[in-house]
Amino acid sequence: MMEILRGSPALSAFRINKLLARFQAARLPVHNIYAEYVHFADLNAPLNDDEHAQLERLLKYGPALASHAPQGKLLLVTPRPGTISPWSSKATDIAHNCGLQQVNRLERGVAYYIEAGTLTNEQWQQVTAELHDRMMETVFFALDDAEQLFAHHQPTPVTSVDLLGQGRQALIDANLRLGLALAEDEIDYLQDAFTKLGRNPNDIELYMFAQANSEHCRHKIFNADWIIDGEQQPKSLFKMIKNTFETTPDHVLSAYKDNAAVMEGSEVGRYFADHETGRYDFHQEPAHILMKVETHNHPTAISPWPGAATGSGGEIRDEGATGRGAKPKAGLVGFSVSNLRIPGFEQPWEEDFGKPERIVTALDIMTEGPLGGAAFNNEFGRPALNGYFRTYEEKVNSHNGEELRGYHKPIMLAGGIGNIRADHVQKGEINVGAKLVVLGGPAMNIGLGGGAASSMASGQSDADLDFASVQRDNPEMERRCQEVIDRCWQLGDANPILFIHDVGAGGLSNAMPELVSDGGRGGKFELRDILSDEPGMSPLEIWCNESQERYVLAVAADQLPLFDELCKRERAPYAVIGEATEELHLSLHDRHFDNQPIDLPLDVLLGKTPKMTRDVQTLKAKGDALVREGITIADAVKRVLHLPTVAEKTFLVTIGDRSVTGMVARDQMVGPWQVPVANCAVTTASLDSYYGEAMAIGERAPVALLDFAASARLAVGEALTNIAATQIGDIKRIKLSANWMAAAGHPGEDAGLYEAVKAVGEELCPALGLTIPVGKDSMSMKTRWQEGNEEREMTSPLSLVISAFARVEDVRHTITPQLSTEDNTLLLIDLGKGNNALGATALAQVYRQLGDKPADVRDVAQLKGFYDAIQALVAQRKLLAYHDRSDGGLLVTLAEMAFAGHCGINADIASLGDDRLAALFNEELGAVIQVRAADREAVESVLAQHGLADCVHYVGQAVSGDRFVITANGQTVFSESRTTLRVWWAETTWQMQRLRDNPECADQEHQAKSNDADPGLNVKLSFDINEDVAAPYIATGARPKVAVLREQGVNSHVEMAAAFHRAGFDAIDVHMSDLLTGRTGLEDFHALVACGGFSYGDVLGAGEGWAKSILFNDRVRDEFATFFHRPQTLALGVCNGCQMMSNLRELIPGSELWPRFVRNTSDRFEARFSLVEVTQSPSLLLQGMVGSQMPIAVSHGEGRVEVRDAAHLAALESKGLVALRYVDNFGKVTETYPANPNGSPNGITAVTTESGRVTIMMPHPERVFRTVSNSWHPENWGEDGPWMRIFRNARKQLG
């Protein structure tokens, strides 16, 4: 039976206005829209009155529901029948954890009530198309129609393909029907294999073969034999990449054989809880570094949010599934798309060349895709710290004559670093009889054929197959699985994981054969033991679907009870679906139909399939000299600053959490004005050291339209000039990931790919001492479609994205582009040696040209000398600022440095040649460094010692004020106010934020950037930052116990425990499942802290599901009430813990006036480094800090204080319960965005009880308790940041 329960309003006023504006633009007479959530409860038994009231209360969250009955025509948008949304699985979990076992499943839809004039059927179709994502949702016209969401179907049997009866044609037909993308020789191979076996193949076997042997999984082109211009080539592409490892194996611990590569890290204190006692402590050991970079291009073109989200999720799983289990740590992301054509902000170079119907626009991708990638990282709890963004779409005269080149098939890059224990780097041995386990969520009928689909050019496959190949994301489930993996590796020698892989392309059909085959075993499996939420799925759908957030593991049979215990505690679902066999054979039994859908020798599936030979021709690009007529420097500056590749990226940065883990030493945002211009990302290796890890990206794809090899060399060079800004030491410490994107088969591109791989793998990297131990290829970067009567193609440039990773010696010595105005000198190190080439530059692009000669690595020895020289200067502390030259050239390098320093520049380019345009806009490799004027001679001496004397040019100095002036030989070349340039640079991000978020907030942020008087972040402390008020109490030897409380989806508990640990507490890991099962109680604890993250993925309101699992469970409710009423206890709730505790008002004495915390005014997750003031309040944690103003990490989507009315707000204020407020950079309490990131009235962001014993706050003090983890800080701070004081206050209060 199904119950229907109304929910809260689903759209804010500005979202409704945006929808109405879209309808009006489409000439649809829609006058009014009202939208509200509707909940559907599938029940296995009727609810009594109390249970019904409980369910209603559970589903009451968010803004208050309108009292009137909605008017207009109903359009009900729900998940597609046959799928289960992530919302559903998490909401159902909450219901069960609250004791409502009669609920089979909860699901949610949005009921739109449309008031409109007379619309035709076709116009109604237009309306419904605007309201739902056809990839994931459907539209009903009556609430009762939602019954279809819970319809169950009977299982369907396996289907046989009549090869023996119909011969080869049966395989050809199956290839088309199932979208297998099999090549002719593979069809021959299968015909031969099954004829020898004397039986017909089943559809599931063919599908499994296609996935396991797709280009996506087997990398056939990179392993192919090559004939170029009739000449046999000596090496495959992959062998040339491996040459870098053979030449420089130094510091690499694992390459080419696992889900990620591993290099040596530093010996540090890894901080985690003991399995038996739950007590957190440091464990001194090597924290080796793993690295991986993936792409998820095809799904992102079809459906950007889930495409980018599952791209990030899959890469995170790769990291976790390295060795015998590892810990993902920090991420990077990148996008290449065609021109944005922002409505009302179209640029002169942005022509519309059309696109296929089934893929979305570049604007859609950049609106939804980054949000999907960021949301996954945020909810999983991984900071996203680095990235790139390129737009390109043009008709150019390249290698193949005049043709369309651009990114209709986008690049969506997802990568990152993690850490792994030394004894877990290599996978273990799978013994015969080992249990084969799937860890993670259930099988769902989604993401079928992703491997094969992504191996085809967009437009070649059936639209329905395209849709089927997109997956859904549930990061909170992946977090639970990762917690299990963490518990396993933390057991050291007792780790129950023998072998682990992630489930990605091809689902279990690829992952399980890979697992057993890599372990030298076969496997026998039972289909019906696979967790599945859809009983009507066929064997093919169960075995081959790409449901996300799953891992496959081999666990020793005697370790299964331990593994079961860990999974139950973390509430991570798992299933034992088979066991390892001696015989190298794969069998899958189906007990429902009592048959064998799969019965194959492993070597048929993974054996010697036909090897590819690429017989290709070289084409040379002609190029045309840059036509300069009509180009002025003033116009060029404005155009280049508007090019998205160059322009400010704030709209891509602040949506991503950049502080979670408490180990982020350098994020994108630089300096007191928080400008997104960092050269590289840096994390600390642990919470107790200054060792670290660095990441940087290099990418120069448009250059490949003129010179394939130069483009690849520049990508390596740019990655190197970016990562050089931190203290690494020997260049051999740097390891690269190479991600290759090409349109294989397009004239000239294959030979160009070979040329580029050779340039990097055989020549440049070995010469520099660089290794490429990991990478990925995507070989179908072309889109075909019909535009009227014309057949069109959009082919991407050959695109190499290099991600550089390195161990860092001391994270405190990372140099940023932030200029200082003390007596200084700016020096350009020009590795272009005066070539100043303008081919394929940003300048050429904004004037719709390609040019002829591009930049290149001009001298490999000088590039190596450059890196070594910068490292020497970093170590000697000679650099005040550093920024590499890249897209936009020297002009943009200097401008970005001025933006970061909020200062002026007097630049002198006299020594850079007479061609001023080329001097300012060439994109040759190099960097601008700022040094003290007194150090100039010593710095130039170091550069000369490294062979760079002829590359160094004096280019002026930074000055106070707002003028950005470039001169040469006393003549003014360009002059403008820095503020004007800053506003131009910001206009793209402003327009994107206006489209995507609350336009009022976007306008306020843009306005703030034009205020030259803004003093930036600053600090005023009312206490001595270096005084340890806890020291006398720590000296007694007593360590009070603090319960570090987490619920599924919480992700900030480790850094919280570390902060309390440093203040003299014993921090104990307490999961809500420990309390609900009675494994742990709160009676032994002196303090309790509820941590940040996304409990239940913020389903049923942020923190509300967590609170209700306490309130609706009598024993646990009593436990909390007793704790809060016990004298001499302290409690802190941060972010998600703050939201949760605000819903426990009925249990917490003196909290009756506390507000609720609801959706930010911007309607967006906000990650900021915000200034707050400590106000006079009873809070015991903030004693002695009143009046202090200091920055703090903020990361939340629902942090806006909501009060009942003005009287409620006045009472909260008059009782003095407000503990922290947002202030602007002038020190004034503010409600203006982004200084107040959520729009809370009176800037309120923390409140306390009347006794001061319980304090809740939205910002994250635990992420910035170390100075080094602050995005910006005064130079005189030591190890401890000012927020360490609240943890020491807690220790002091407990005596």
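Sequential numbering from 1, following the chain as shown.
Placed from the backbone N, Cα and C atoms, the Cβ positions cover glycine too.
Within the set 305-327, 581-603, the record from Swiss-Prot flags 305-327 under the feature region 'Disordered'. Among Asp558, Asp884, Asp887, only Asp884 appears in Swiss-Prot as part of the Mg(2+) site alongside Glu718, Asn722. Counting Cβ atoms from all protein chains shown, Asn722 (Mg(2+) binding site) has 27 others lying within 10 Å of its own Cβ. Note on the region 'Disordered' (305-327): residues 133, 135-136, 254, 258-260, 262, 290, 292-296, 298-299, 333, 368-373, 375-377, 380, 382, 412, 414-421, 424-428, 447, 470-473, 475, 478, 481-482, 485-486, 488-489, 495, 497-504, 548-549, 551 of its chain, located 6 or more positions outside it, place their CB under 8 angstroms from a CB of the stretch.
Cβ neighbour density within 10 Å is lowest for Gly307 among the binding-site residues Gly307, Gly313. Sorting each residue of the region 'Disordered' (305-327) by its DSSP state yields 16 helix, 1 strand, 6 coil. By neighbour count, meaning other C-beta atoms within 10 Å, the densest spot among the recorded positions Arg317, His1260 is Arg317. Neighbours of Glu1262 (active site), defined as other CB atoms within 10 A of its CB across all chains, total 30. Other than the site residues Glu718, Asn722, Asp884, same-chain residues with C-beta atoms no more than 8 angstroms from the centre of those residues' C-beta atoms, the Mg(2+) site, are Asn679, Ala696, Gly698, Gly717, Ala719, Leu720, Thr721, Ile723, Ala724, Arg885, Ser886, Leu925, Ala927. Checking Cα-Cα distances from Cys1135 (active site, nucleophile) against the recorded positions (Gly307, Arg317, Glu718, Asp884, His1260) with a 10 Å cut-off leaves His1260, in sequence order. Neighbour list (Gly311 (ATP binding site), Cβ cut-off 8 Å, at least 6 residues apart, same chain): Glu294, Thr295, His296, Pro299, Thr300, Gly373, Met412, Ala414.
Within 10 Å of Asn722 (Mg(2+) binding site), counting CA to CA, the recorded positions Ala309, Gly313, Arg317, Ala678, His1260, Glu1262 contribute Ala678. Glu1262 (active site) carries a helical DSSP state (H, G or I).
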